[in-house]
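Annotated features, as they stand in Swiss-Prot:
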type	residues	note
DISULFID	C13-C118	disulfide bond
MOTIF	84-100	motif 'Involved in PIP2 interaction'
MOD_RES	T114	phosphothreonine
Amino acid sequence: MSWHAYVDDHLMCDIEGHEGHRLTAAAIVGHDGSVWAQSATFPQFKPEEMNGIMTDFNEPGHLAPTGLHLGGTKYMVIQGEAGAVIRGKKGSGGITIKKTGQALVFGIYEEPVTPGQCNMVVERLGDYLLEQGL
């Protein structure tokens, strides 16, 4: 299966039990910042934004004072799982990032999608990739 299929079929799909509700944007990005696959709506990010995200996974709390920046958008960092999941909030939307052995799985959402639904979609794919050794 191509990485684009993972994004299309597992991240940008309808939320289970909520037809028509889906993430706004999604991507799978290598730890080095190389994009493996992304939705057409995923923001163009700067290398320093990806470096900040990777630093926060290695040093949890790194982004808390400044916020998480992606594609020029600033998200307030909210409770995640140290070294495994970063969550951010901006207005009625937000972002979830799950770290796997080789990649970061990104999901960006706006209402009516809830933070919990975004977490479920992103973390389910991230856990699957971890099980596959990726």
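Using N, Cα and C of the backbone, Cβ positions are placed for all residues, glycine too.
Rounded to the nearest whole angstrom, the C-alpha distance between C13 (disulfide bond) and T114 (phosphothreonine) is 15. For the motif 'Involved in PIP2 interaction' (84-100), the DSSP counts in helix, strand and coil order read 0 helix, 13 strand, 4 coil. For T114 (phosphothreonine), the number of other Cβ atoms no farther than 10 Å from its own Cβ, over all displayed protein chains, is 15. Counting same-chain residues at least six beyond the ends of the motif 'Involved in PIP2 interaction' (84-100), those with a Cβ under 8 angstroms from any Cβ of the stretch are 24, 53, 56-57, 63, 67-68, 70, 73-78, 106-111, 113, 115, 118-119, 122-123, 125-127, 129-130, 134. When pLDDT values are averaged over the motif 'Involved in PIP2 interaction' (84-100), the model yields 98.
Just so you know, the Cβ of C118 (disulfide bond) picks up 24 other Cβ atoms within 10 Å once every protein chain is counted.
Of all the Cβ atoms in the protein chains shown, 13 others lie within 10 Å of the Cβ of C13 (disulfide bond).
According to DSSP, C13 (disulfide bond) sits in a coil region rather than a helix or strand.
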